[in-house]
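Novice: Dumping the structure here so I can ask a few things about it.
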Amino acid sequence: MTDPKSYKDTVNLPKTNFSMRANAVKREPELQKFWADNQIYEKLSQENPEEVFVLHDGPPYANGSLHMGHALNKTLKDIINKYKLLRGYKVRYVPGWDCHGLPIELKVLQSMKSKEREGLTPLKLRHKARDFALKTQEEQAKGFKRFGVWGDWENPYLTLTPEYEAAQIGVFGEMALKGYIYRGLKPVHWSPSSQTALAEAELEYPEGHTSRSIFAAFPIIKASKDTEEILQPFLNKLGVAIWTTTPWTLPGNLAVALNPDLNYAVVEQNSDVCNYQYLIVAADLVERLSTTFETELTVKATLPGKALEHTIYRHPLYDRESEILIGGDYVTTESGTGLVHTAPGHGQEDYMVGQRYGLGILSPVDAKGNFTEEARQFAGLNVLKDANEVIINELKEKGSLLKEEAYQHKYPYDWRTKKPTIFRATEQWFASVKGFRDAALTAIKTVQWIPAQGENRITPMVSDRSDWCISRQRSWGLPIPVFYDEETNEPLLTEETIKHIQTIFAEKGSDAWWEMSIEALLPDQYKADAHKYRKGTDTMDVWFDSGSSWASVAKQRPELKYPADIYLEGSDQHRGWFQSSLLTSVAVNEIAPYKTVLTHGFVLDEKGHKMSKSLGNIVDPNVIINGGKNQKQEPPYGADVLRLWVSSVDYSSDVPIGKTILKQLSDIYRKIRNTARFLLGNLHDFDPKKDTVSYEELPELDRYMLHRITEVFTEVTDAFETYQFFRFFQTVQNFCVVDLSNFYLDIAKDRLYISHPESIRRRSCQTVLAIAIENLAKAIAPVLCHMAEDIWQFLPYETPYKSVFTAGWVKTSKQWENSELSASWAKIRGIRNEVNNALELARKEKAIGSSLDAKVLLYVPEQNLRQQLEKFNPADSLTGNHVDELRYFVLASQVELVDSLDSIKNADYHSESDLVSVGVIKAEGEKCDRCWNYSTKVGEFKDDPTICERCNAALVGDF
């Protein structure tokens with residue numbers, strides 16, 4: 001007896017060298033080298049046919065390693081840029097770095113021994129700081145490139161370069177000449193820990209700050225004209241009650257502020273905690289304050305707030321008289337007493353009241369946060385350490401303290417040193433926002449904000465903000481180009497002095513301020529008086545540095561444009577870079593520096609917690625890409641999985657990441673890759689030039705698939721156009737898994753493997769596969785750039801395009817759209833799902849192994865659908881187009897449309913829905929050795945007795 005014939009070599013199995021495993025650690029750098037060697041980005045950014053597109057980079061700080069926030073931010077930018085490149089835009093992306101400022105200065109100082117610090121001149125410190133910033137910038141650039149980010153890495157912008165600094169001086173100069181820059185004694189956020197003024201954007205408000213809050217009474221010594229009659233009976237024992245969370249500011253008290261729209265009451269209190277039998281408080285607060293003071297307060301008289309204006313009180317700690325004055329709407333009954341202790345040297349609102357009434361500015365605190373001699377008995381005490389205790393004790397002794405309690409609230413901390421700040425009045429340079437606030441608010445309305453609530457965030461910030469303190473008392477920064485008259489202390493700041501400094505900085509950089517003499521730094525007309533001047537020692541706020549990038553980069557570089565198309569940063573930048581850029585641009589040019597502003601949230605761990613070393617929950621992007629020390633626990637996923645994560649999240653709010661999420665994304669990545677591999681493998685012998693089947697000749701299944709491809713890639717395009725990348729993620733995942741793997745490719749295997757290689761049955765399927773793989777590669781390219789390029793390099797046929805990125809965006813045809821076809825195939829897919837349920841029941845009972853072991857019975861009550869299905873169920877396998885058949889759609893050897901439910905109920909296994917009732921019985925005939933389908937014709941062919949009629953025809957080229 002002879003061995004049965006083997007048909008293994010007659011089956012068209014997939015062939016491709018496209019690896020199932022990404023091997024990203026090795027492969028991704030190879031693909032990045034391919035892009036670099038072929039200058040793909042450079043050529044596209046110059047030669048693309050559409051207009052220039054500029055996403056202007058918000059500069060990360062050149063300090064420390066890259067973290068997940070960097071990864072989210074830079075990848076989002078790169079997704080947009082790569083999409084725009086594929087759409088034919090000349091994308092010009094110049095990465096930038098913020099290089100000045102305190103954090104770098106502190107890092108440098110911390111790295112030095114105390115002996116080294118002793119002889120440290122500003123110039124030496126600046127050289128060390130520059131070296132540190134440049135080294136960090138190089139390391140960060142390497143990391144960004146490994147993420148797959150494209151840009152002009154050879155010519156980044158750094159805020160420390162001469163050309164940048166000179167352009168920034170230009171912005172400062174134009175603002176100064178318009179009268180927007182002034183010097184003044186004003187309370188500013190002051191950091192005693194770093195001994196400099198801070199901008200709002202340099203503050204953070206950690207949870208859990210507890211202050212010592214006090215209620216105190218100041219003795220009334222003279223009633224105002226309007227209250228004489230009412231207050232006279234109580235005067236000798238009357239105090240005005242105030243509340244404060246900063247007792248240390250009491251030495252600076254110069255007024256008490258009230259709300260003119262509130263009513264106030266004189267109340268009697270009968271405890272002996274303080275010297276005053278009678279107190280003035282807001283009438284609405286009497287009940288609450290009775291509870292707080294733990295004593296009954298009895299109302300003796302009420303009076304309108306306005307009437308109390310100019311009532312005189314004595315300071316409880318000094319022999320100093322002050323007045324009760326009208327404050328603003330910040331005086332409320334939400335907390336406190338309805339009367340606010342006012343120290344114009346220690347608060348913005350207090351300062352405004354002081355200005356209105358011509359009060360002085362008393363701020364008896366030095367740069368380290370210690371009281372000066374002006375505070376008399378408290379001189380030398382530190383306001384954040386021991387001052388509160390001493391002041392509270394003295395108030396107690398004087399009989400002024402009503403109550404002390406702990407108060408938990410948000411309090412500003414220095415974002416770098418993580419230590420509390422204070423309000424302190426100092427001589428500083430300011431940008432007067434008042435002069436261009438309305439123009440800024442108008443400019444905000446011209447911008448597209450994504451998400452839309454971004455506009456609601458930045459608008460009140462700009463409309464409510466105080467003047468911008470732009471000076472810093474540090475060495476590592478761009479010097480404010482001002483000279484002071486030695487005798488009068490008057491600043492010298494003119495168009496000529498600014499222009500002269502700008503020219504010097506453009507050539508030599510800002511070190512020249514320290515290196516050159518005053519005479520050399522002054523223009524000709526002032527040189528003779530050089531001996532009368534000294535240089536200023538203040539540097540500019542780093543937010544003025546980065547906020548000038550529109551001028552130093554977007555406007556200055558000829559290949560870019562201003563305003564930029566888009567700015568994209570974290571939501572904290574509404575009070576940071578978005579705002580500083582807006583203010584400088586509006587001040588100088590009366591326009592916003594951007595057309596669109598897109599913001600993203602922060603990266604949290606899987607449980608929604610902030611990442612911190614102390615919690616041990618930090619996810620390192622480098623570990624995601626290259627793996628950790630223990631590669632079993634922290635496998636190397638490569639940059640594409642990281643990029644896929646970025647596309648998967650709704651970045652408009654805070655986004656989680658962790659091991660479980662990465663594992664899930666890795667699985668999805670693998671599914672997309674395996675789908676691509678199947679497509680490539682089944683195109684190994686396909687040449688689109690000669691083997692493509694025309695649309696008219698395609699079977700209905702293939703035409704339906706082209707309709708789905710049109711739907712899918714229209715949705716993907718819209719997702720990118722609207723920056724909703726999570727829609728791209730969901731659509732592509734669904735397309736690869738549900739439309740392709742679980743449906744079309746599942747059905748296609750029979751056509752691809754067992755048909756004659758040249759048959760239209762196979763070539764029509766390959767036509768669809770080629771369209772699917774090319775469009776899939778292009779569609780994933782903005783996100784999974786490495787996988788997309790890898791796919792393109794393994795296309796088994798020639799294309800005119802060297803790279804997926806030079807091939808342009810997805811291409812579909814209007815001809816493929818067919819909504820009627822789509823509706824009828826939605827029903828067929830519903831039937832297929834129901835059949836799968838019934839087959840699964842049979843499989844569980846071990847009645848069948850493969851679905852090909854089954855014959856499927858279908859009962860379809862809807863007449864139209866039944867008629868449609870009948871045309872998909874030819875009498876035998878060799879009539880029809882060999883594709884549009886129910887048996888192939890449901891992966892069974894035979895299908896019978898039955899006339900009654902009884903046949904279904906008599907079947908071994910059944911499943912029912914409104915659409916269809918399904919029965920499963922054993923397939924008829926014998927199993928074909930070649931295609932594994934059952935057929936009653938197996939055994940009829942003398943030369944090939946073990947195969948079916950389809951395979952017999954396929955072997956001679958007829959199927």
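In case you wondered, yes, glycine gets a Cβ from its N, Cα and C as well.
Found this in Swiss-Prot, in case it helps:
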- 60-70: motif ''HIGH' region' (MOTIF)
- Glu569: L-isoleucyl-5'-AMP binding site (BINDING)
- 610-614: motif ''KMSKS' region' (MOTIF)
- Lys613: ATP binding site (BINDING)
- Cys928, Cys931, Cys948, Cys951: Zn(2+) binding site (BINDING)
Novice: What are the sequence-distant neighbours of Glu569 (L-isoleucyl-5'-AMP binding site), meaning same chain, six or more residues apart, C-beta distance under 8 angstroms?
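Specialist: Counting only residues 6 or more apart in sequence, the Cβ neighbours of Glu569 (L-isoleucyl-5'-AMP binding site) under 8 Å are Gly58, Asn73, Gly576, Trp577, Phe578, Thr599, His600.
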Novice: For the recorded Zn(2+) site formed by Cys928, Cys931, Cys948, Cys951, name the remaining residues of the chain with Cβ within 8 Å of the site's Cβ center, in chain order.
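Specialist: Everything else in range on the chain: Ile754, Asp929, Arg930, Trp932, Asn933, Ser935, Val938, Ile947, Glu949, Arg950, Asn952.
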Novice: In the three-state scheme derived from DSSP, which category covers Cys951 (Zn(2+) binding site)?
Specialist: helix
Novice: Provide the three-state DSSP residue tally for the motif ''KMSKS' region' (610-614): helix first, then strand, then coil.
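Specialist: Summed over the motif ''KMSKS' region' (610-614), the classes give 0 helix, 1 strand, 4 coil.
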Novice: In the same chain, which residue numbers or ranges, 6 or more beyond the ends of the motif ''KMSKS' region' (610-614), come under 8 angstroms Cβ to Cβ?
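Specialist: Residues packing against the motif ''KMSKS' region' (610-614) from afar: 67-68, 602-604.
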Novice: Using C-alpha atoms, which one of the binding-site residues Cys928, Cys931, Cys948, Cys951 comes nearest to Lys613 (ATP binding site)?
Specialist: Cys931
Novice: So of Cys928, Cys931, Cys948, Cys951, which of the binding-site residues has the fewest other Cβ atoms within 10 Å around its own Cβ?
Specialist: Cys931
Novice: What three-state secondary structure does DSSP assign to Cys928 (Zn(2+) binding site)?
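Specialist: It is coil.
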Novice: Let's check the environment of the residue listed as 'ATP binding site': how many other CB atoms sit within 10 Å of its CB?
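Specialist: By my count, 7.
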Novice: Mean pLDDT over the motif ''KMSKS' region' (610-614): what is the value?
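Specialist: The answer is 86, the mean pLDDT of the model over that range.
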